[in-house]
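**Q** Before anything else, here's the structure in question.
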Amino acid sequence: MLRSSLGSVCLACRISGNAGAAPGAVAYRPQLSTAIRGSTIQLQSSLSFSTSNARQATRRERTPSRMVLSDRVGRSTARDGDKKPRRRVDGPFAGMNRTVANFDPETRSKLSRDNSNNNRSSKNGREGGKKLGRDGKGFKALNMQRSLASIGYGHRTTVKAKMQEVDSFDQFDLLPQVKDAVLNEALKGMLDIKPTPVQRLAIPALLGQTTGARSRWRTKSKPADSGSEAASPDAPPPPREEFLLAAETGSGKTLAYLVPAFNALKEAEASDPDIIAYNQRRAEERALLAKNPGSKIKTRPEPHPTMSRPRVVILVPTAELVDQVGRVAKSLSHVAKARTRMISANMSATMIENDVFSPAGIDILISTPHLLASIAESHPNILSRVSHLVVDEADSLLDRSFSEVTTPIIDRALPSIRQLVLCSATIPRRLDNYLASRFPNMRRITTPNLHAIPRRVQLGVIDVARDPYRGNKNIACADAIWSIGKEAGRHEGPVKGQVDVRRIMVFVNEREKTQEVAEYLKSKGIDAVALHRDTSEERQSEMLASFTSNETMSIPTPEGGVAGSPRSSRTLPNTKVIVATDLASRGIDTLAVRHVVLYDVPHTTIDFIHRLGRAGRMGRRGRGIVLVGNDDRKDIVAEVKESMFMGQALV
């Protein structure tokens, strides 16, 4: 009624009380309404400005998904979506060490819950004021990452049971030449040859093997084109297989994907009609030349059917990883008889052309994405026969810096790919979301220790803010390296009269800091070099050669000991140091490194895992040292150290 009587009257007129006044009083409405409207517009603009600022602040505070570890790496695939989810049941030891009754909080009275909360808070205060996070766990300072979901008891038991069923490479359904290559070349010199945990899980899965209750590994039915002569040529190709290998650093992922790839390569080669016909023609030519040894007729060799068309392509982010993976593949190729080629920025254009387009053919190609993408632009057929594509260090190659180059390569090769394998030691949320949307049927093979630094790596913390360093990290770093060198100099090596050389890696956050720290260490008598993005590829490979070698380095024991020379000319001859950024923290198999110094505290726990993962590889012991200053988060370092001691995954 009131609204109908007033008619269409603005809010300013209603507030002024002149809505029902005489017509003569309407002259005052425009001025009053204009003033109120102006203030209303200012209020709305200020509210919208503050709201936009709040949104921008929230957007700034949100951690990028590429810097956050995923908590659902081992989730089931979309193929299991039609199954009814199983009820998660606690294991038989779930009730041990409980301090609070396992009641449903909703059924308890409010008073009892308040009393229990008060008791817990007072207990935490008596224990030194330890604060808990939102989820009740002790990792509160690591709020830049979200907590990883704990592996269920049933899943952990199942994975460990699978791992215990395999204790030898003889249990894998490998071709004789591939098995011989693994035992006599790739693992030559090892006394106790056993598969690592990721190899026990990944190799059978990539080979298509299943396990019985009390039997050894059995093979599935082979595809129609894997060797059966009765297979119809018009039969549809088998479906593409997609795998994610997620395991801790230094666990042997390279051999885990190389061995099945070699096995599939040799099986396909034995049934390829083009290769069979080519081998027959070559045999006839050799027989003809043997009958006429004096013949001077020289025929041009026929190009191999695999010329410039490899079957296996392996992508890695750096030239160092090209050399590292290439060495393992070459060792297998010597016995398995495969043509492996490596291309990187260290090679000239002529060498790359001779290797890729050689008439002898190519079976396995190991390259960086940028180099392979440039070749594929001018020669698209190079990816036309790829049956196995491996993306190593997938968290880097599918990140923002590489994804624009890596994704087109995957798209070009997808029509012919039989098996797609992605490997990484850390799975950020961005990569997890990408795989869930792009490859929803991908099978995820994860080890129980994913996102955890091995317990065999000890972590020490040096508070640089205290005496005698007084905030000088350069002095603290040099002192730590001198302590390591002098300790090693007190013990003789395997040869009498010689001491072992300690190879140490120092990690910094900024590229400019590498040269500064390296120069300071040189001034203190330490053999140190800087490794960063501006260092040439050849120089990088040269510096990392001694750090990736498994051979022991030793020098004659100096007179008077390692540090027995006069102070004016003190040197530390039994140490070699590389000062590097995260360029050297991804994938490089630094078997000789036992000590890692973190000059700067890493920005994320992902960098913690990769940097400390340079030590203690392949079951060896290692030690990490973190230099903590006043500007660093000491609580984060303390929680990382505690999680390493407990063998827990980082958050």
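A Cβ is built for glycine as well, from the same backbone N, Cα and C atoms used for every other residue.
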**Q** Taking 167-200, 303-336, 473-506 as the choices, which stretch does Swiss-Prot tie to motif 'Q motif'?
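**A** Going through 167-200, 303-336, 473-506 one by one, Swiss-Prot flags 167-200 as motif 'Q motif'.
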**Q** Residues sitting near the motif 'Q motif' (167-200): Cβ under 8 Å, six or more positions beyond its termini, same chain?
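**A** Counting only partners 6 or more residues beyond its ends, the motif 'Q motif' (167-200) has Cβ contacts under 8 Å with 207, 209, 216-219, 245, 247, 251-253, 255-256, 259, 262-263, 266-267, 328, 331-337, 445, 447-449, 618.
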**Q** In the motif 'Q motif' (167-200), how many residues does DSSP assign to helix, to strand and to coil?
**A** 18 helix, 0 strand, 16 coil
**Q** Which has the fewest other CB atoms in a 10 Å radius around its CB: G250, G252, the listed binding-site residues?
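**A** Selected from the binding-site residues G250, G252 on minimum Cβ neighbours within 10 Å: G252.
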**Q** Give me the sequence-ordered set of same-chain residues, not including A247, E248, T249, G250, S251, G252, K253, T254, with a C-beta within 8 angstroms of the centroid of the ATP site's C-beta atoms.
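**A** Other same-chain residues near the ATP site: T196, V198, A256, A425, R617.
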**Q** Within 10 Å of the Cβ of S251 (ATP binding site), how many other Cβ atoms can you find? Include all protein chains, please.
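**A** Cβ-Cβ neighbours of S251 (ATP binding site) within 10 Å number 24.
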